[in-house]
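Trainee: Sending over a structure as structure tokens; questions will come in a sec.
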Amino acid sequence: MTLFYFLDIIGIIAFAISGSLMAMRKKMDPFGVFIIAFATAVGGGTLRDVLIGAQPVFWMKNTDVIYFIVASYFIAIIFRKKLKYLNKSLFLFDSIGLGLYTIMGTEIGLNANFHPIIIISIATMSASFGGVIRDILCNEIPVIFRKEIYATACVLGSIVFLILHNFNVNNAVIYVSTTFLIIAIRLVAVKFKLSLPTFYTKE
Amino acid sequence: MTLFYFLDIIGIIAFAISGSLMAMRKKMDPFGVFIIAFATAVGGGTLRDVLIGAQPVFWMKNTDVIYFIVASYFIAIIFRKKLKYLNKSLFLFDSIGLGLYTIMGTEIGLNANFHPIIIISIATMSASFGGVIRDILCNEIPVIFRKEIYATACVLGSIVFLILHNFNVNNAVIYVSTTFLIIAIRLVAVKFKLSLPTFYTKE
Amino acid sequence: MTLFYFLDIIGIIAFAISGSLMAMRKKMDPFGVFIIAFATAVGGGTLRDVLIGAQPVFWMKNTDVIYFIVASYFIAIIFRKKLKYLNKSLFLFDSIGLGLYTIMGTEIGLNANFHPIIIISIATMSASFGGVIRDILCNEIPVIFRKEIYATACVLGSIVFLILHNFNVNNAVIYVSTTFLIIAIRLVAVKFKLSLPTFYTKE
């Protein structure tokens, strides 16, 4: 098993748990929770595969993905009472998924020889789309439109990935450092309530 | 005309009528009603074709589909006053569409040689997506997230289909019995207010 | 540069500006405004390419599209205070985008040899989808479901395009006249508060 595949699976697990937690917070029935977990976990990658034309989409070619989602779903259900700080867990798993999905999108875009600006777009879209679907289905304001820095972290992470890749840095180093960068940006942004400057003057 | 094609068309008609009824209940204008009818009828199949990579999607390759949707739309408009029990009609047509679309998805997944768990996913997604789009566009709570058993019926139907298929049961028998099973599960679930057990303790 | 490509770009710019204006009206942060501008500008064309199977989608093959969207975004931000009549500007840019996207969809459908009724469907879908995404993301009632004539203008424009094309009228004449027709239909419809006749009797 390659490092890339391993990170891939961790990203999917993180998003599946974040989806399950959000759906349980909304008191959905067991099947509804599973649908949200599934949609959050595979949403971004499915959009990515459909837009670049890599069909059947990834989870149809690799059944393991579905088993990992099912396992994450049960883990989230079993540990739901231990997760006293539900919002913090949700935030953490969402950030991990965001970081790893950005790496996946950038790597896949690179392999398909797209222009850097397209690679960054694909990475940002595929990383944030799972969370957006989750929020829309759970009737929350989509995470990319909230005050926190979200998609901006993906853009920065993907740019750093491409720069490091250009300097022929080892792939394992790129994957791990970029993922941590994205998670760190989010943690710092939320901790210090950082948000993008606004261009609206107060009325 | 094969039995499969016939059931296909009936499924599309049933969903087109269910979409028209919902949109008229929301007092949409004639074009809006048509859009909802169209989206409900082709939504699931379009998602299925895009995910497995069978493009152009089915209704672009077979103009008959559009004629049948137009006809269903006019039938729903003409008979809208006879349909005194609008909610019951809506539920019935929705259930018929759900059953038939599950069969289609399972059959197409089998022909493409997917793993059984992927086939069940494709069948469930394509069967429930039309109703989900209809409900989102009409600003209703999506049917899969309501208390009633909905996607669960598709999963069960698709599993029974695969088991019968494994025992080499005649296709016509499989199609008809599985469709009736799915419709029956929904009827019984709604009649007796059955829903999935919940894992939330009352606070 | 061909006339077709030029109109293409103008359509994308018009939708990008309409998306930016709507997002700024909703007081989104700079990145949120960009996402809405991007989704509005490429949404319809992306749906079209995915449904007909022309992937990677158009903006992945032509980086210019992204540069034009970025430029439109900055123009909308810089001139936002001059745009005193924000609603009127929004309506105008939306109508221009609608007209030009209908032309693109019809032309692409013709080149792919689809049946006329499919061409009209593709053109209408791709023209109205950008505005629908914009409105859903901004939490407005989708423009196709408002009282005004919207998708109906695309249908009429696409039909006129096909009729003129059948009489071998020069392409430049078809493009320009059909676009103006669609914009004119919308302007007249909104000016005189025209809407489709309803089939509901008042209760």
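Here the Cβ of each residue, glycine as well, is placed from N, Cα and C on the backbone.
Pulled these from TrEMBL:
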DOMAIN    A:6-79  domain 'Glycine transporter'
DOMAIN    A:92-165  domain 'Glycine transporter'
TRANSMEM  A:6-24  transmembrane segment
TRANSMEM  A:31-52  transmembrane segment
TRANSMEM  A:58-79  transmembrane segment
TRANSMEM  A:116-137  transmembrane segment
TRANSMEM  A:149-167  transmembrane segment
TRANSMEM  A:173-192  transmembrane segment
Trainee: Establish whether the number of Cβ pairs under 8 Å between the transmembrane segment (A:116-137) and the transmembrane segment (A:173-192) reaches at least three, counting only pairs separated by 6 or more residues.
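Mentor: By the criterion, they do not touch.
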Trainee: With CB pairs under 8 Å as the measure, which of the listed stretches A:6-24, A:31-52, A:58-79, A:149-167 comes out on top against the transmembrane segment (A:173-192)?
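Mentor: So the stretch in question is A:149-167.
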Trainee: Across the domain 'Glycine transporter' (A:6-79), what are the DSSP residue counts per state (helix, strand, coil)?
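Mentor: Final tally across the stretch: 62 helix, 0 strand, 12 coil.
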Trainee: Counting by DSSP, what is the helix, strand and coil composition of the domain 'Glycine transporter' (A:92-165)?
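Mentor: Taking each residue of the domain 'Glycine transporter' (A:92-165) in turn, the totals are 60 helix, 0 strand, 14 coil.
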Trainee: Tell me, roughly as an integer, the mean pLDDT over the domain 'Glycine transporter' (A:6-79).
Mentor: 92
